Amino acid sequence: MLVSNIVYRITIAIASVLIVGGVLVACQFSVLINAIVDRMVALRPGAKTFGWWAKPPVEPHISLYIYNVTNADDFLSNGSKAIVDEVGPYVYSESWEKVNIVENDNGTLSYNLRKIYSFREDLSVGPEDDVVIVPNIPMLSATSQSKHAARFLRLAMASIMDILKIKPFVQVSVGQLLWGYEDPLLKLAKDVVPKEQKLPYEEFGLLYGKNGTSSDRVTVNTGVDDIEKYGIIDQYNGRTHLPHWTSDECNRLNGTDGSIFPPHIDHDRVLHVYDKDLCRLMPLVFEKEVMTSNEVPGYRFTPPEWVFADVESHPENMCFCPAGQPSCSPNGLFNVSLCQYDSPIMLSFPHFYLGDESLRTQVEGISPPEKEKHQFFMDVQPKMGTTLRVRARVQINLAVSQVFDIKQVANFPDIIFPILWFEEGIDSLPNAVTDLMRFAEQVPPKVRVALIVGLFALGVALLLLSTFCLIRNSHRQSTLHLEGSNYLATAQVDMNKKQNKDTQPARY
């Protein structure tokens with residue numbers, strides 16, 4: 001009996017441990033899973049995730065839509081409103097690879113990015129040889145910059161443009177507009193501009209010099225020491241901050257390249273993406289939950305409506321006003337001239353999405369913006385912080401200033417002239433990547449529930465069984481003890497009777 005009681009009490013202790021284990025699993029299992037995910041995604045050379053980061057197993061595409069000017073002569077001669085015809089898409093597939101990777105001692109990696117563009121005529125509306133008429137960006141940039149210069153300089157510029165036969169609009173092929181064509185002003189600048197002020201190129205193209213390995217040196221955090229810094233830029237060309245804006249907050253560089261983010265993302269997180277051509281960090285806020293085609297859940301993040309807002313609507317954007325300029329950008333535009341050698345380039349979302357209606361109606365031919373077609377968004381897997389789907393949509397515009405002393409542009413009004421817009425992104429990730437994400441998303445919760453139910457059920461069952469057996473054993477002991485007492489009492493009575501009988505005198 002004693003041995004049985006000890007066994008039952010040990011069983012009760014084990015049952016209690018199982019129940020406590022169930023409670024701990026319910027409370028701490030996610031912490032364990034997060035630690036496993038953190039170790040799995042951190043950028044360790046030789047790891048599978050490092051290989052995916054260094055050479056993404058995806059084929060991004062960039063689709064470009066060009067605003068072809070159809071009435072250039074009437075616009076300049078008669079003051080007619082410019083009419084544009086949106087032509088596109090012209091599609092290029094991209095191959096990305098991080099090269100010259102160096103592992104640093106402070107938990108960071110440095111690299112150069114190689115991007116190779118390949119034209120996809122099968123996905124495009126026509127060949128790269130298609131001809132378009134667009135504003136002469138080098139010329140109009142030069143004239144707009146001269147607006148506040150000495151008058152004799154403007155007159156001299158007009159004479160040079162006469163000699164070189166430079167006009168406010170150029171007729172070029174799509175390939176030339178993107179990848180470069182010889183421009184007489186840039187060619188002249190090469191010979192007369194002081195060396196320290198020369199532009200780093202002799203041709204003009206909106207994507208000139210981008211097809212190949214970038215000279216920009218990027219340093220990012222691996223996340224090995226601190227997962228909250230995973231993928232965050234530590235330095236860009238040796239700088240920890242941009243040199244362009246009026247405050248440290250607006251000059252921050254601590255975003256990612258958009259392919260990865262620190263894991264364990266919730267709805268309240270604000271993501272930040274840095275791209276050199278954006279000239280700033282792009283904030284992204286949660287919009288909604290989504291499901292990819294291969295059944296991986298994600299969160300959709302988009303730029304907040306105030307990201308390109310004017311300072312009247314969002315005073316915090318004041319620090320993005322270029323120093324020394326009389327006014328900030330209108331609502332819906334972002335001035336990137338400081339990153340474009342002072343060319344008056346303005347970024348917006350396509351069709352001036354989220355911008356003032358007056359911007360779109362300065363020219364004819366641009367349809368009203370549609371969220372589904374023109375919104376910038378990223379779908380991110382929240383547990384691992386990996387980007388699932390991207391639509392980076394941006395429009396390039398030229399802010400032209402009227403300059404009366406330069407006859408070639410004397411009739412060119414103050415206008416935000418749209419040049420083109422593009423959509424860069426990926427549709428999905430390979431199965432090898434999404435299978436891992438689906439496993440990380442679906443299996444741990446099921447294991448957690450199974451462990452909680454199993455531990456609680458087994459613990460409770462053992463506890464009830466042991467308690468029942470212990471009680472029954474105690475009852476049996478009580479019964480045996482009572483029977484033993486009754487037996488002893490009966491025996492004692494019989495003995496007493498016998499003794500009484502033996503002591504009674506014999507009767508004759």
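Glycine residues also receive a Cβ, built from the backbone N, Cα and C atoms like all the rest.
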Candidates Cys319, Cys328; TrEMBL says the disulfide mate of Cys321 is Cys328
Disulfide partner of Cys319 per TrEMBL, picked from Cys27, Cys250, Cys469, is Cys250
Among Cys279, Cys469, TrEMBL lists the disulphide partner of Cys339 as Cys279
Of the disulfide-bonded residues Cys250, Cys319, Cys321, Cys328, the one whose Cα sits nearest to the Cα of Cys279 (disulfide bond) is Cys250
For the disulfide-bonded residues Cys250, Cys279, Cys319, Cys328, Cys339, the largest set of other C-beta atoms within 10 Å encircles the C-beta of Cys279
CB neighbours within 10 A of Cys321 (disulfide bond), counting all protein chains shown, number 18
CA pair Cys321 (disulfide bond) / Cys250 (disulfide bond), Å rounded to integer, equals 10
One should report the C-alpha separation between Cys339 (disulfide bond) and Cys328 (disulfide bond), rounded to whole angstrom, as 16
